[in-house]
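Read the structure below first, then the notes.
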Amino acid sequence: MGGKQDGEEAYGKPAKYDPTFRGPIRNRSCTDIICCVLFLVFILGYIVVGVVAWVYGDPRQVLYPRNSTGAYCGVGANKDKPYLLYFNIFSCVLATNVITVAENGLQCPTTQVCVSSCPNVTWTVGADQLLQKVGEVFYTADRNFCLPGVPWDMPVTQSLQEELCPGFLLPSTPALGRCLPWVNSSTPPELPGIPSNTTISQGISGVLDSLSARDITVKIFEDVAQSWHWILVALGVALVLSLLFILLLRLVAGPLVLVLILGVLGVLAYGIYYCWEEYRVLRDKSARINEVGITTNLGAYRNVQETWLAALIVLAVLEGILLLLLIFLRQRIRIAIALLKEASKAVGQMMSTLFYPLVTFVLLLICIVYWAMTALYLATSGQPQYVLWAPNASLPNCEKVQMNTSCNPMAQPMNYSCPGLKCVFQSYSSTGLVQRSLFNLQIYGVLGLFWTINWVLALGQCVLAGAFASFYWAFYKPQDIPTFPLSSAFIRTLRYHTGSLAFGALILTLVQIARVILEYIDSKLRGAQNPVARCIMCCFKCCLWCLEKFIKFLNRNAYIMIAIYGKNFCVSAKNAFMLLMRNIVRVVVLDKVTDLLLLFGKLLVVGGVGVLSFFFFTGRIQGLGRDFENPSLNYYWLPIMISILGAYVIASGFFSVFGMCVDTLFLCFLEDLERNDGSLDRPYYMPKSLLKILGKKNEAYPGDKKKKKK
């Protein structure tokens, strides 16, 4: 007796009866005010960072290409010239690597000019044209690809030496605002400065071999345009299936859980049988493990009897443990099934809760878009810097030129004797106050992203918990259920518990930031191949992963207690944890039964929509009539994958609401058991099915239409 009492004391005392308690407390006060003020100040600072980024940033540096003079193509004076032409596209590969080119905004060490249209024919300056004038070779032939301001009477030879005009043109296609050559064009002519064995495909495959991908992209958009209405139909089917599954759980939860449990037992039993058959065959062949020894070829272990014997023992132990759990925990499984049925009724009474994930989705989208735009503007807050560059700085005429010194791309280089000398883009300046603080501002933005996202998720959990708690603690259902439980819970949560939600979200954010830092360090240490460091890093990552999972579990239950009692985060988290620890076996059983059921529901919805989409888009459903014919598609798998992904998102949204309902009702059920005893003054609020399972009686049954006599 003393040990039992000590165990109960270790996890706190059971909740005491409160005659004034009638569900979620209405007369409550603000909680975690300090954290609320800190969160609001942080959000204000986040807005200031966004304003600073908006003022100093210039996203045109990413959205629009720049020519060699630093001017944007498709903007201002070049409004009618939206495309960028590289004089020598091969220099993008020959002089640097793909990553460097991508980091520099697809800038290459070659002259670039804004053009109104990309060339569509192959052309090379002929030997007889070298002594002619630029106007004769380029302007009169409608080859307007020279730099602006090149005089008509300049010799072609001089324009080519100074890279003022292109020495060759290739048939190109606009992609990302750049004129990129056709990969599948005919064999190119002999090009000046390019080895004869270098093909166009070899030249640009390292930079942008996305021209064939562009054709695929066009086909993808065509397929989406042809099938979007049928995809919406598939998503509608997923919505209906998810809704029906949740609402029908009140009728089929028991048989469905039984079928799932028997299915798991059947799979394990078949595994035992299969392992026995394999073991028996190999035993008769005397195939033992000492004949194989230690080898890295894991497939060899399939042909030894010890492998199948070990698998047989493991599966048999699992089967035995599961059977024992079913025998000794059958009462708790029945409680879990009854709570699932009650959760289905609660969702049916408050259908608006099923569509609350749309609010969460919109808020999350706002957080992500705001962070992305702020990060983009911050990244483009500096002015572009240009330096002198030459393809071969070791030439005699280039030795006196100070390479990598700043220059003005609008002005001509001072030294024309160095072949290929030009003013090229290097990076964005970091001399201003904003630029010097750019890293800190980006870190602030990342912290803001994690904190706001976690706060939005916490808001959704607390709001849903408040709505479902009002259902459980309504003695006479549905008469005592508030008129607008979801909106009331939303307003109540925002008004009183913003600080508590911010507190829980901040704790989770710090752990997630630590995980991100560890992932970054791990990516840097991966090349070291130090087994000790790798092992330590793996242990740290595992510990932080477990810590994050525990904090999410604790926060979830803390938000439920906040929604019910209106206390601060720490007290609510402590009370929720103690309550769950006093009923740890019930917690585990309910959690696993719910996970199994929701997993089956997701498989049912996603699998059903996937099968229907496959049969429809592949034309295997005949006799639907002309209006229901499957569209002609380039890739029939595309709408199928979109339908499956959309069905998974819809099912996850619906079932997340149902899971929150189950968790809320479970905590209320545990509180109900501790607070009340079934007497007239202290009646249970749980439904009759739970009272029957527990063997308890209630003098005034919840749900009775007749009011309790005073």
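Just so it is clear, glycine is given a Cβ too, placed from its N, Cα and C backbone atoms.
Annotated transmembrane segment per TrEMBL: 33-56, 228-249, 256-276, 308-329, 350-373, 449-475, 496-518, 558-581, 593-617, 637-670, in sequence order.
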Mind checking which residues reach the transmembrane segment (308-329)? Cβ under 8 Å, same chain, six or more beyond either end.
261, 264-265, 268-269, 271-272, 275-276, 278-279, 282, 585, 589
Please indicate, using numbers and ranges, the residues of the same chain that are 6 or more beyond the transmembrane segment (637-670) and have a C-beta under 8 Å from a C-beta there.
220, 223-224, 227, 230-231, 234-235, 237-239, 241-243, 246, 339-340, 342-344, 346-347, 353-354, 356-358, 361, 461, 464-465, 468-469, 471-473, 556-557, 560-561, 563-564, 576, 579-580, 582-583, 586-587, 590, 594, 598, 601-602, 605-606, 609-610, 613-614, 617, 685-686, 690
If we skip the immediate neighbours and take only residues 6+ beyond the ends of the transmembrane segment (350-373), which ones have a Cβ under 8 Å from one of its Cβ atoms?
50, 53, 243, 246, 445-446, 448-449, 452-453, 456-457, 459-460, 463-464, 467-468, 471, 481, 485-486, 653-654, 656-657, 661
Contact yes or no, the transmembrane segment (256-276) and the transmembrane segment (593-617), 3+ Cβ pairs under 8 Å, gap 6+
yes
Restricting to CB pairs under 8 Å, which listed stretch, 33-56, 449-475, 558-581, 593-617, is in contact most with the transmembrane segment (228-249)?
593-617
Given a Cβ distance threshold of under 8 angstroms, which distant residues of the chain, six or more beyond its ends, lie next to the transmembrane segment (33-56)?
370, 373-375, 377-378, 381, 432, 434, 441, 444-445, 448, 451-452, 455, 498-500, 502-503, 506, 569
Which sequence-distant residues neighbour the transmembrane segment (558-581)? Criterion: at least 6 residues beyond either end, Cβ under 8 Å.
11-12, 15, 23-25, 28-29, 31-32, 35, 458, 461-463, 465-466, 469, 473, 489, 493, 496-497, 499-501, 503-504, 587, 663-664, 667-668, 670-671, 674
